[in-house]
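Feature annotation from TrEMBL assigns active site, tele-phosphohistidine intermediate to His285. Summarising the annotation, TrEMBL assigns active site, proton donor/acceptor to Glu354. Taken from TrEMBL, the feature substrate binding site applies to Arg284, His285, Gly286, Glu287, Thr288, Glu289, Phe290, Asn291, Arg334. Here TrEMBL flags 490-506 as compositional bias 'Polar residues'. Taken from TrEMBL, the feature compositional bias 'Basic and acidic residues' covers 507-519. Per TrEMBL, the feature domain '6-phosphofructo-2-kinase' maps to 64-277. Look at TrEMBL and you will find 1-29, 476-536 tagged as region 'Disordered'.
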Amino acid sequence: MEHEEESGNGSSEGFELAPPPIMTTTNHYGANSPGSAIPICCYRSRHVMLCGRNNSLGERANYVNTPHIIAMVGLPARGKTYIAKKLSRYLNWIGINTRVFNLGEYRRQATSAYRNHDFFRLDNREAMAIRNKCAQDALDDVSNWIESGGEVAVFDATNTTRERRRLIYEWVVRKLGYKLFFVESICDDPNIVEQNIMEVKVHSPDYQGMNNEEALKDFLQRICHYETQYETMDEDKESIFSFMKIFNTGEKILVHKHEGHIQSRIVYYLMNIHITPRTIYLTRHGETEFNQGGRIGGDSDLSNRGRSYAKALSQYIKEQNIPSLRVWTSWLKRTIQTASGIDAPQERWKALNEIDAGTCEEMTYEEIADKFPEEFASRDQSKFSYRYPRGESYEDLVARLEPVIMELERQENVLVVGHQAVIRCLLAYFLDKPSDELPYLQVPLHTVIKLTPVAYGCRVEYVKIPIEAVDTHRPKPRIPGYLDDKFRRNPSNAPNSAAHSGTSSPEPDREFFDTKDSSLSEDSTDLSIEPLKISN
């Protein structure tokens, strides 16, 4: 279980901020400091700015011209770490290099053992010095990380006093020239607070060896120490700050002076998330005639086995008895046919259509490798960013799917019947997978993926429906442009496998048309396989 965020707040005594990186003074104005010239930090991006014609290799563009610091605000057990982690996951998914700096983790590294709530008393000067030192160390790490190419840093701490927030503002905006946005989580519903404590806090390393009742009592005392000094953000007293306040996990939202594209996206995203228990089901369409022939894209009908899967999927969903289920499909025949027998409201999303392979649509991998060898090798070099001629890249697909993610965050129980590349992108979001892993996530045919959001992540289960299907997964090759025998109609005419793979002997020939699903990915956590019984 993840750790809680609460530590490193209180009196500013002993709290000093390290000198900022080398700066140059300019005439530009800081986003949080209108009307006055401030020093702007020399910021070196790790990304390549793109302009003009698209590069087929697709170096990723830098969408953040000024680094951002997102500072969390709020009492313990108000969901700050939950918000911080979800926000980081979302920003990384859309291509913005983001990292969370959790102050509770710094405090645990600095102290040998947590004894009780007295560590958070205002009159505990020794503990206060430790907490202030931890805050300074965390902010130093934020600065160093951004200098090394980071774009958005989330400072996950309580930051419950105006003095602490003023110090952060002076450091981030006045000294470093970065943009600063506060996100405060307020919760006055005791049931939500106690539920959060019991689900997350009592399982933190602070309470190892302590029973739940004792841990709950101690943590409530810890909250009391913070309440004596808590000052909620105020648009009059802190008018120069940009911030948003989230009340009772989204019941009400107040936004003050948000500025710029990044802050607008953050606000919009956080307005859509909720904590209602639900399950998201992801599955590819049933096997198609094109799948059997090894062809990509197109708008093929289901094969006989694909139609059998559609019937089995309908039965499986019926047996699950999922309340208020909604079914989403693409506009392509194979997903519509797969979902046709499911008794639930259905919506068709053009955004869920498979990645556009452009001039390579309806071709086999072998045909692409033979006809466009340079393009084939280029895609292997940078599969996430590579754009098919007159088609799309995975990066384009992520942008296309962002509205789908927003709507998924708003919904309760949803079944998405999609395509291999589409499901990969959705999985990468929920499982927090980096972009270089995304295009190689295994999404077998005739498999249901159950995603259940939990405290700081997502539990994933793979349910294999016992109906055979071809294996369409192409793993990352050791040599760009090399095509496995699996995808060749006549493997004997292919170059020697050993020469290309570096192995001592070639892999056994595998006939594409009779291949079963490969083993499931080992990347996912909490992996379990549930057998499905199909009644006659």
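Every residue gets a Cβ built from N, Cα and C, even glycine.
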Pairwise CA distance, His285 (active site, tele-phosphohistidine intermediate) versus the residue listed as 'active site, proton donor/acceptor', rounded so that it is a whole Å: 11
Largest CA-to-CA spread of substrate binders Arg284, His285, Gly286, Glu287, Thr288, Glu289, Phe290, Asn291, Arg334, angstrom: 14
For the recorded positions Arg284, His285, Gly286, Phe290, Arg334, work out the Cβ neighbour count at 10 Å and name the residue with the minimum. Phe290
Cβ within 8 Å of the substrate site centroid (Arg284, His285, Gly286, Glu287, Thr288, Glu289, Phe290, Asn291, Arg334 excluded): which residues? Ser300, Leu302, Ser303, Gly306, Leu445
Take the C-alpha atoms of Thr288 (substrate binding site) and Glu354 (active site, proton donor/acceptor) and report the distance between them in angstrom, rounded. 14
In three-state DSSP terms, the structure that His285 (active site, tele-phosphohistidine intermediate) belongs to: coil
Per DSSP (helix/strand/coil reduction), Arg334 (substrate binding site) sits in helix
Rounded distance in angstrom between the Cα atoms of Glu354 (active site, proton donor/acceptor) and Phe290 (substrate binding site): 13
Of Thr288, Glu354 (the recorded positions), the residue whose Cβ has the fewest other Cβ atoms within 10 Å: Glu354
